[in-house]
């Protein structure tokens, strides 16, 4: 059994620690607030973020980052905007060659870089693996069957992570397409916000199905333009994650979208949700990327207008419905062309 450290004691970090601990691994769950970690150790439960889930004896909550020195694998479970800063803080503790698994689903604001690119810059002596897929912490913590995907340019590292994470209730696939896996996990949060808008406005299943279907089409367009394999967006990190995030009561992005659709201001919504809503930041980045790559992303554009330009969600839905006539098969043809380009030339790994 392996020695594993999870840095970030929120709901997802705790759920992964519990899953790996039940598999027999020795897991250090590292948080920044010493008093909270001491309380978690006493209670054997993370009441603020994952109430009702008992920590197995193999999971040790701690505020001491020094335990990272012993880790064979580090699972980084912090918000996307904290990834670079966190990597800078902890890199002195890591042994050379320690595998680093990123679980955040977002992009770096300003640079537009994927988080594996950020980690490669800050931790150049460590294999970087990304984990994504339809996986709410509340369900993983309760041992409900869950399937995810890990991706890396280092196939041996990806397979090592697969072996360490796999349990009878937590199935892990591998995928060499790091770009597609990261972008699918990040961009689906935008569509989840929009699905929430629709629910908040009182619209029905037809509307949500349209948003999800057309949403995955525009995610795939931009993802392929950025070097991802279009097939990845039809898998766990794309359609799979999109479905669960757009339909689940556990989804922060969907809950935030519902509140916005009901007319609440963004600042109030973010305060009420209480945890990071990745889709808000990602909407701005995706909007800027769509303009950079000259890719049509009408749903993302309307989400941007609602979040950052004060547009009314109902008007945004009307704008989408009143767009010029299109032929759906053109979308399929474009994706097929991009897929052929990917297979012929391989992914643009941007130096990874």
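Using the three backbone atoms N, Cα and C, a Cβ is placed for every residue, glycine included.
Database features (Swiss-Prot):
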{"type": "BINDING", "residues": "11, 12, 32, 105, 137, 252, 276, 278", "note": "NADPH binding site"}
{"type": "BINDING", "residues": "105, 133, 135, 188, 241, 251, 252, 253", "note": "sn-glycerol 3-phosphate binding site"}
{"type": "ACT_SITE", "residues": "188", "note": "active site, proton acceptor"}
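Whole-number maximum of the Cα to Cα distances across the sn-glycerol 3-phosphate-binding residues 105, 133, 135, 188, 241, 251, 252, 253: 15 angstrom. Highest Cβ count within 10 Å among the binding-site residues 137, 276: 137. Of all residue pairs in the NADPH-binding list (11, 12, 32, 105, 137, 252, 276, 278), the one with the greatest Cα separation is 22 Å apart. For residue 253 (sn-glycerol 3-phosphate binding site), other Cβ atoms within 10 Å of its Cβ number 28. Taking CA atoms as the reference points, residue 253 (sn-glycerol 3-phosphate binding site) and residue 32 (NADPH binding site) are 25 Å apart.
Using a 10 Å Cα-Cα cut-off around residue 188 (sn-glycerol 3-phosphate binding site), the binding-site residues 11, 12, 32, 137, 252, 276 reduce to an empty set.
The Cβ of residue 105 (NADPH binding site) has 29 neighbouring Cβ atoms from other residues within 10 Å, across all protein chains displayed.
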